[in-house]
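Report on one structure; see the data block that follows.
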Amino acid sequence: MSTSDDIHNTTATGKCPFHQGGHDQSAGAGTTTRDWWPNQLRVDLLNQHSNRSNPLGEDFDYRKEFSKLDYYGLKKDLKALLTESQPWWPADWGSYAGLFIRMAWHGAGTYRSIDGRGGAGRGQQRFAPLNSWPDNVSLDKARRLLWPIKQKYGQKISWADLFILAGNVALENSGFRTFGFGAGREDVWEPDLDVNWGDEKAWLTHRHPEALAKAPLGATEMGLIYVNPEGPDHSGEPLSAAAAIRATFGNMGMNDEETVALIAGGHTLGKTHGAGPTSNVGPDPEAAPIEEQGLGWASTYGSGVGADAITSGLEVVWTQTPTQWSNYFFENLFKYEWVQTRSPAGAIQFDAVDAPEIIPDPFDPSKKRKPTMLVTDLTLRFDPEFEKISRRFLNDPQAFNEAFARAWFKLTHRDMGPKSRYIGPEVPKEDLIWQDPLPQPIYNPTEQDIIDLKFAIADSGLSVSELVSVAWASASTFRGGDKRGGANGARLALMPQRDWDVNAAAVRALPVLEKIQKESGKASLADIIVLAGVVGVEKAASAAGLSIHVPFAPGRVDARQDQTDIEMFELLEPIADGFRNYRARLDVSTTESLLIDKAQQLTLTAPEMTALVGGMRVLGANFDSSKNGVFTDRVGVLSNDFFVNLLDMRYEWKATDESKELFEGRDRETGEVKYTASRADLVFGSNSVLRAVAEVYASSDAHEKFVKDFVAAWVKVMNLDRFDLL
């Protein structure tokens, strides 16, 4: 006979309690650690894009597959696709040119020069948040239109390359001559987690241009690619948009001329869509029902497509030939009187009040309309500086064509790194300053040359700390986002890097290495700087009782000052480098978060970061030669002392002041200060994930493993920009 308790005890009747319904019981559901501790250190950012998420496997070689591609056959198929209007998403004027240009633009336009993240180089428009970005409404249709072509050519063309190539072909098919195309963008298989899109919780939250100038954000509102086309915060005022336009395009590394060319060129073809109220538009792809199969924004207004399409809510056609390249954008901009009005969806735009009806309807050849412009288009006429450039382009269409071709190429290739990464038959021969060009190699050191150089470096009088510091300073500028920086080029010896505060100690070794380079004439300074690190690490390992060979691949070259854009390289100066215990500003995040940020830019895993920090500390590689984090009495010896002493419970740690940036480690019995540390040191004992790794390296049997792991991570950083070794 059952008791009253049995009535509520499903196990008493042999039923599994987890099959009885109620709350979500799926893996990953429920309250997470980030819900409980929202400020938890994002160590997970170092585990992105592993081979476990890659269906192609770690042996897949995209460059090799691309070499098998019928490139011009692909372009022919893309050209045909442009005019193959599909009933489920009819083409405006029978052409998808404007749609594909917007797709490419919005893929590339997420790039931010200040941190190198974003951009089109990884095909991120396939994933959230970008696949459901408010500014990307209807681009799900563009990507779906491309699927038959991607399906046909398979892995010979990445989605990332296909998106940009489709934009190029759209321009070419419209009568425009592009600057060229470089392939080489490899797909990833999950969203980037490291891109900081902002801290706003609501879409289209306004940001002030002054705030944009201080932050690595590329848009004036959360969910936009650039600026609100209705003006800042829907102001409807063209002049008020000028500062926002400069801030957002400037964050991409674009100057005023490039900005004007991109806006005008992008708005020479196609149209915006605002046939009816945006309240008719359904959820974005991420929120859409499963039966929508990855599409979103289904509209209930009329047919929902074609003449009834709603995208931005604006209903603008700029030129008389929206499927053919022209200079009509500038002609219309300056020829007519513009009056503010509203689209059928209620969005603010401008009509050419004194113009005849010269704009063709996208679906009814018998209809015409007046030219229309966005608020931000008129900024190019009414802002004094933009107006000068716009009038020059009005009077010199060829100058406009040249400027747009170059700016479009820059926009779509800005995050690809040096030109050596480009592949394909349409790579331009010209070197461009924003590509951080390098000269051709002039040295080819033999194995004996390298041995002789290592002896010269070892006998130079430079300490292990100096050797390691100069190599790290040179290589650690690399950014995995846009593939800029790194040791190749020896730009540590050039402006502006030579004058960075973080490099003050490191560059003191440069004259010695420059002398060795000149006297030997066997290798570039870039190679000798990296070789100095090799010598330092090998000496430190030997002092620890281990004979270690640090791999070294010669072939680096030395850049000239005229090949170095000082303003753009200033963006590579770190606000913090936890590997060297450096921090310039205290108003940007926490020291430990900035360490993760730096490690992620260097494409390091959590164990690699941990090994490098522990090794750099015992080698005395702090930027200012301080003792913070140097938990050893054997500086210059590659030991695991950092981890052993950090985890030693004989010491207790207390902050030295209210900032809690620096700490003293005191002996619990005597109260004597034994060590000092920064947050970038103590995080390896504080954070549970990093402590787990540190415990491995602190173990009594871990010394040799630690040294080998340090060397592997060190070589990885030294070679991050050696794309010729891939």
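Residue numbers in this text run from 1 along the chain shown.
Quick reminder: no glycine exception, Cβ is built from N, Cα and C everywhere.
Look at Swiss-Prot and you will find 1-33 tagged as region 'Disordered'.
Marked as site 'Transition state stabilizer' by Swiss-Prot on the basis of sequence analysis: ARG102. Counting only same-chain residues at least 6 apart in sequence, those with a Cβ under 8 Å from the Cβ of ARG102 (site 'Transition state stabilizer') are LEU139, ALA142, GLY266, GLY270. Under DSSP, ARG102 (site 'Transition state stabilizer') is assigned to a helix (H, G or I) in the three-state scheme.
Swiss-Prot lists HIS106 with the feature active site, proton acceptor. Other C-beta atoms found within 10 angstroms of the C-beta of HIS106 (active site, proton acceptor) number 23, with every protein chain shown included.
Marked as heme b binding site by Swiss-Prot: HIS267. Shown in sequence order, TRP318, PHE329, LEU374, ASP377 are the residues of the chain, 6+ apart in sequence, with a C-beta less than 8 angstroms from the C-beta of HIS267 (heme b binding site).
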